[in-house]
Amino acid sequence: MFLSEIFSDPAFSLVPWVVFFPLAGIILNLIFSRRWEEKLTALTACLAAGGSFVISLLLMLALTHHPEGATITLLEWINTGSLQINWAFRVDTLSVTMMLVVSGVGTLIHIYAAGYMHYDVRINGDPSRYSRFFIFFNLFILAMMLLVSADNYLMLFVGWEGVGLCSYLLIGFWFEKGADGIANARAAKKAFLVNRIGDVGLLIALFLMFWNFGSLQFDTVFARAPEVAAATPAVLLAMTLFMLLGVAGKSAQLPLYVWLPDAMAGPTPVSALIHAATMVTAGVYLVARSHTLYSLVPAAQTTVVWLGALTALFAATIAVAQNDIKKVLAYSTISQLGFMVAAVGMGAFTAGLFHLTTHAFFKALLFLAAGSVILGMEDVRKLDETNLSDSFHHSHVDPQDMTLMGGLRRKMPVTFWVYLMGALALAGIAPLAGFFSKDEILAAASQNGLLVFLVLLAAAFLTAFYMGRQLWLVFFGKPRSENAENARENTALIVLPLILLAGLTVLGGLLNFPGSLALEGWLEHTLGKGINGEFNSMVAGISLIVSITGLVTAWFVYSRYSGEIKKLDPLEDMFGAVFIGARNKWYVDELYHAIIVRPLEGLSQQLAQPVDQGLIDGIAVGFGSLTKAIAQSWRSIENGFVRSYALALLLGIVLIFSYLVIR
Amino acid sequence: MITGILFFDVMAVLVISTSIGMLVSRNAVYSALFLVLNFASVAVLYVTLGAPFIAMAQVTVYAGAIMILFLFVIMLLGAERLEGESTIRGQRLFGGLLAVILLGELTWMAVFQSGLSPAALTMPASDFAGPTQIGLTLFNTYLLPFEVTSFILLVAIIGAIILTKTDNIGKRIIRPGKD
Amino acid sequence: MPTVNDFLLILPEVVLLIWALLILLIDLWIPDTKKYYTAVLSAAGLVISAGCAFALLGRTGSAFSNMVVLDGFSSVLSILFLLSGLAAVALAYDYLKRNAAQRGEYYTLLLFSIAGMMLMASANDLIMVFLSLELLSIPLYILAGFFRPRLASEEAALKYFLLGAFSSAILLFGIAWIYGSTGHTDFPGIVASIDGGRANYLLLLIGAGLLLVGFGFKIGVFPFHMWVPDTYQGSPSSIGAFMTVATKAAGFAALLRVFLVLFPAEAPIMAGILWGLSAASMIFGNTVAIAQMNMKRLLAYSSIANAGYILMAFVPYGNPVIAQEAVSSALFYLLAYALTSFGAWAVMIALEPAESDGLLLQDFSGLGRKYPWLGAALLISMLSFIGVPLTMGFWGKFYLFKTAVDGSQIPLVLIGLLTSLVSAYYYLRIVMFAYFKPGEPQIQPGRWASVVAVICAAGIFVLSFIPTPVFQFAAQMIMGMK
């Protein structure tokens, strides 16, 4: 009934299928995966994600002809009083860009996961969780698609919470594993709780929005924003800042970034898809989507810029000192997200989304390649020989510790080359994708203010440095452990997505190549003319020099790293306490623990005994037992005699007529 | 006029007292006979209202056929004496009290408060209860209720059969796992 | 004279009755081992009748000299009754086999009862109201005693029959008062008489009060609920499930129509009585349910409480705007309640061994682990009963409470909210047994009950995403109601 509306392009009406495909995948796997082989389960999930991608492509083609897009109402959802919200999908250049990134990268990672999880479930000793993984993965695609295709903030919020749930479920995928058998579960809980803080912020922003605009629908809100900004600017400021809290939670910005490094407890495809390429960029998307609101409040914009820039630098300093291959990438993700947030804060939406896209390519690539390295470090061969999970003895060597690697260049050549590609792109070496996108952000920053520019430049230097460090530690030098000695390249199913992503990493820069600026023209239909990071040869030159310097410095420091196990990191020799501080993440976790968690726990302890258990429990239990006692006594009314029942009926009649008489 | 009202009063007292008699008799045969009397006196009321056909139907069908069947059943079962005095203490008294209160309330509302005057009621046509009229009404206006009634009777027959025929129930319980 | 058109307007009922007669005959030639065919045949009859009802959806008219009317209200309820019937057939098939009570009459009687309910929802004459009430009740008296040599079943049937006859008599007494007041039994005649000022107000009021008692008995509100727990417990479970949903819905159908059409003027007085019945039912049903350890009895008390909830929205029915809203939300709630209740009963029937008087709550221990689908269905049903979001139960209560608030019945809404809170205790206790207590429940042979459970649970969940279209469908359907 709703789909009968006429759209400028019939392809637009396909948009609900970006959600329906993953839904179908979930349902099929829920019902049949017990009877299916692993391959069929994985194939279903991959096809579900791929179906979404195909639809996204069709939508993109339709948009090239009709760039104004469309809103497709699937169903009326809530209609009470002044609140009217539909299940409506919004097709415009911004949402379709996000759909393409999510489903495209998502599909590749699904394919990779088909191979990776085959080993992972056996290494961890529970092959029955294979299908569970893909159900969660499809659920994530579904929720993410809801998030980016929503036409109103409430539907966006459903997707927002949905991806948060998937993140929680997948971080804790091996919930009984980790240190003390609880570390993974703790990591999942931490991610969930920290995200809740952000979500409460977003929720307050939505309440404010509904209270002041009377709607949660994008167009209505944006149309009414100027008058509200004129009448009560403080409201708009509060709204945008609370929303920013949500962004900080989901996109791991200061001060709520602490969950993302711990989230690496999830299987590597999860880290790649959710905690690098897509979910964490939801915050960037939210700011870009709400750009009308932010551009009305300069103070909020400044806050966004500085939040992003400081996060970029802060996380980069920590990344320098990490030894866990995935932790380095995690802090790098936080840092790069800082770049994007700063960009959208400056109004350089195209630059931010450009970096979001290229980052999705090369960071997914890096994580997947890191996963390949980790599998290589695991003794997978023995697994293939026995093919029995319980006879497989877990090696005691930590397969993610870079100090134990080294020399993998020769053992895993394909992985090495794609990793190199990703690392160079991240470091911002021309002509890889990361160079162009990061350069646009820096160019915009140079117009915004010198201080921001310098902070971001410093972050860029550190980025190049820690990627160089990682390359040296992992792939060059001599193997520093038996596992590294025995490492071996992985199967085609794992390697193939890597090569495809490497291709995207190399070519991604063409999306918004200086001169053509395809992405910019594309996004202008939705975002309007923002501040454009015009290609600035001087800025480009500076950033390229800084990146190369970072790599070279890393080479100087680490090429002589001998490979003695447990030898001090060369940087520790040079910087001592500063390095130790960075390695310990500047003690932020400890700080939070001391100033927030501990006092809260203390307060709870104080309240628990006398107030909760004494007073509140007393009241609750009292009411409970009172009700039970009443229930027991009333129950005896039902004594089983028909004549008593008839008498009660008669009593009822008499009462009714007494009321009628004396009324 | 006065004689008419007096006659009605006598019949009304008879109708009510026979129905009370039916209720309180502890001998089922007495109860049945009180019911016959009750039906008959209602039939007399029908006659006074100018509906002799309905009165005849009442006598033949209820007082005749149905009550004879009742008596047969009672006597065949030998259930003349109702046993069991296990009344919950005070229940009968309480029930009686409630009935009296309800009666009082209804009387208060209908007789003293409503301001009802008989003149307000429209009298039906004099031949409203003739066989022709009844037949026409039954098969035109009240065709659907008539048919529904027949279905109700059919259901009652099925029920009687099911509830008495117990040969094949409860003998072949299928235990879990054997089916 | 009745014409073909008259029959066309009640085609679903006609089809169903004729079909029931045919099954009664055909069943004679179906051997005891193959009663499957009877079940399938009756299901087919229900489907065909539902098809007719769908075809008539949106049409209005009256038939048989105003004895019955066809409108959106009756159509929607007819479909609800027919679907309930389908569920009752599906639940019965394996269950009767298990209890060695496979007799074709079960299905015939069920069909007769449903036809009675459909006629009740479209009755436009007090005589039709009474007769359709009997047509729906008498088969249920018999079905309640269907396990006859078993004492509990006999007791259930006898109690239901005696009290049902008592309440029928009261209903008939009320009809007599109304006839005495207005000189009519047909709704248009009564309305004309009232509008023309020829009706005696107090006699009408007495009639309304007595009718309320009669309907109150069918929907099982306090204090006319006494038969409910004993009858539900002793009856075959499939009939218990059917009665909790369909009988209640039929009672509400008659109550809503009769009171909206005939007694709008009495609304200010009736509101007080309805208020009392609603509040008492919510409080009593939810409180006593806490003390129940038998699932059937627990669901019986829960059904009493739910009758109170539906009645709550109907309290301010004198206001025409609220009345519209009340009827739509009552229809919506009946749908939500039907799904939820059938879901819960189906889970129980799937597990109920032969010759049982209903499972104890302990018998659900370990269900969630051993049968995840059935456990999930139970969980969803219980959450829907409580009214937790993402279930139809939530939206059902939401619309009911909203109507009551719009009708400024704040104290009643507070009672409703508080008793919902109380009800969470006993519903969640079932969930607690199913998920947190170790145990080895054993699913009984036959999978139809499980299928019903899963379908209902899926319906509760999926429809909760589109409450507004469902609600507006209900609202649109009753627009044509007089």
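The backbone N, Cα and C atoms fix where each Cβ goes, and this holds for glycine too.
According to TrEMBL, the transmembrane segment annotation covers A:12-33, A:96-118, A:130-148, A:154-175, A:196-216, A:270-288, A:328-354, A:360-377, A:449-472, A:493-515, A:535-558, A:645-662 (among others). Summarising the annotation, TrEMBL assigns domain 'NADH-Ubiquinone oxidoreductase (complex I) chain 5 N-terminal' to A:77-134. What TrEMBL records for A:150-463 is domain 'NADH:quinone oxidoreductase/Mrp antiporter transmembrane'.
The stretches the transmembrane segment (A:360-377) and the transmembrane segment (A:154-175) do not meet in space: the count of Cβ pairs below 8 angstroms, excluding pairs fewer than 6 apart in sequence, stays at fewer than three. Of the recorded ranges A:12-33, A:154-175, A:645-662, the transmembrane segment (A:270-288) has the largest number of C-beta contacts under 8 angstroms with A:154-175. Contact between the transmembrane segment (A:196-216) and the transmembrane segment (A:154-175) is present: at least three CB pairs lie under 8 Å, with pairs separated by 6 or more positions in sequence. Here the domain 'NADH-Ubiquinone oxidoreductase (complex I) chain 5 N-terminal' (A:77-134) has, by DSSP, the following mix of helix, strand and coil residues: 39 helix, 13 strand, 6 coil.
At the 8 Å Cβ cutoff, the transmembrane segment (A:96-118) and the transmembrane segment (A:493-515) share at least 3 close pairs (sequence separation 6 or more) and count as touching. On the 0 to 100 pLDDT scale, the model's mean across the domain 'NADH-Ubiquinone oxidoreductase (complex I) chain 5 N-terminal' (A:77-134) is 87. Counted over residue pairs separated by six or more positions, the transmembrane segment (A:154-175) shares at least 3 Cβ pairs under 8 angstroms with the transmembrane segment (A:130-148), which defines the two as touching. Sequence-distant contacts of the transmembrane segment (A:535-558) (same chain, six or more residues past either end, CB-CB distance under 8 Å): 427-430, 435, 438-440, 442-443, 446, 457, 460-469, 471-473, 514-515, 570-571, 574.
Counting residues 6+ beyond its ends, the transmembrane segment (A:493-515) has Cβ neighbours under 8 Å at 105, 108-109, 111-112, 114-116, 350, 354, 357-358, 361-362, 364-365, 368-369, 371-372, 375, 414-415, 417-418, 421-422, 425, 431-437, 440, 535 in the same chain.
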